[in-house]
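Visitor: Input: one structure, supplied below.
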């Protein structure tokens, strides 16, 4: 299922291979977010060309639209979307709990109001697992409570206890899954930013012995030093034999931090979201193409990049497309940013293999953070 190929000598970074129903995934792995089973402005064949083996889709959004019955009719999410690589499906917990004024958390589950039409719905750990079983997801995420940064201890403790209870119920459902379905279950640790709650949560989750472990509830608006503190602490509590996943991190420095502390999988909408607004990832930081200085710029966005944008088009032309709100501009910028993330991960893997990841991370971050294009 998960094999470690090499450990870095100077950090907890490691190379691994995750065996999933729709093929092998090399780790560390950045997972693009295709919320509704598709990447915004990127066709499947472009993703395949870029080397994407694992895409995230969201159970909450797919449940609301097109609906579980539609996907069930097709036999799986893979059949419905014509994507023959792997899917990780998020439980939808983050989306439900971000509704704030439109949901009610109970020990049994969560009652919430649709953001689309205001209709009311109820999720339980069992129902969320069943949906992902219908999807035939390659990685299934348990329903959890992602609490906000800054809540008090008692509330964080309550949410941690409920998450653990839901993890037990999800595991029972997983153990009784339909015959022939071999997706992997990842249970989620919580605890907010309290170390004793993190320890309690992680120990309880580890007792359940799920195939994979996710660290939830970080990168939710906290300062970077607090993020690093909890990332390092929570990761250290999880045995190295388990594949580790941190949800919702997608900036280069956060990802390299995660790799340093032994995280194998991460995802974020950030690369494509910022692309739609004209922000391009480069080794010198973020290039904001809408700036007037790029109007007459005949250079590619990045000289050593082999994506469609950089091998064919200029900064000036991309600026024209983005400023004119042309779809092609968004497509090119999105492809570039996803290609950039995959290229960064490949560089990190090579550095781990060569035994100089710590040096690579330090040099990369000094260049990225001090780049000419940062505001």
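Cβ coordinates are placed from backbone N, Cα and C, and glycine is handled just like the others.
Swiss-Prot lists 90, 91, 92, 93, 94, 144, 190, 217 with the feature substrate binding site, giving sequence analysis as the kind of evidence. Summarising the annotation, Swiss-Prot assigns active site, proton acceptor to 90. Taken from Swiss-Prot, the feature region 'RNA binding' covers 248-254, 272-276, and the record attributes it to sequence analysis. Among the features that Swiss-Prot reports, active site, nucleophile is placed at 267. Taken from Swiss-Prot, the feature Zn(2+) binding site applies to 305, 307, 310, 336, supported by sequence analysis.
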Visitor: Mind giving me a neighbour count for residue 336 (Zn(2+) binding site)? Other Cβ atoms within 10 Å of its Cβ, every protein chain shown.
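Guide: A count of 26.
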Visitor: Here the recorded positions are 90, 267; which one has the lowest number of other Cβ atoms no more than 10 Å from its Cβ?
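Guide: Selected from the recorded positions 90, 267 on minimum Cβ neighbours within 10 Å: 267.
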Visitor: Given the binding-site residues 190, 305, 307, 310, which one is most crowded in terms of C-beta atoms within 10 angstroms?
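Guide: That would be 190, with the highest Cβ count within 10 Å.
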Visitor: Give me the count of other Cβ atoms within 10 A of the Cβ belonging to residue 144 (substrate binding site).
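Guide: The answer is 30 other Cβ atoms.
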Visitor: If you draw a 10 Å sphere around the Cβ of residue 94 (substrate binding site), how many other Cβ atoms fall inside it, taking every protein chain shown into account?
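Guide: Within a 10 Å radius of the Cβ of residue 94 (substrate binding site) lie 19 other Cβ atoms.
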Visitor: Between residue 144 (substrate binding site) and residue 267 (active site, nucleophile), what C-alpha distance do you get in Å?
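Guide: Rounded to the nearest whole number, the Cα-Cα distance is 17 Å.
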Visitor: Quick one: pull the CA-CA distance for residue 92 (substrate binding site) versus residue 307 (Zn(2+) binding site), whole Å only.
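Guide: One finds 32 Å between the Cα atoms of these residues.
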Visitor: Going along the chain, which residues six or more apart from residue 217 (substrate binding site) have their CB under 8 A from its CB?
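Guide: 146, 147, 190, 191, 192 - these are the non-local Cβ neighbours of residue 217 (substrate binding site), listed in sequence order.
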Visitor: I'd like to confirm something. Which of the recorded positions, 267, 307, 336, has a Cα closest to the Cα of residue 91 (substrate binding site)?
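Guide: Comparing Cα positions, the closest of these recorded positions turns out to be 267.
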Visitor: What's the CA-CA gap between residue 305 (Zn(2+) binding site) and residue 90 (substrate binding site) in angstrom, rounded?
Guide: 31
Visitor: Per DSSP, to which secondary structure element type does residue 94 (substrate binding site) belong, with helix, strand and coil as the options?
Guide: helix
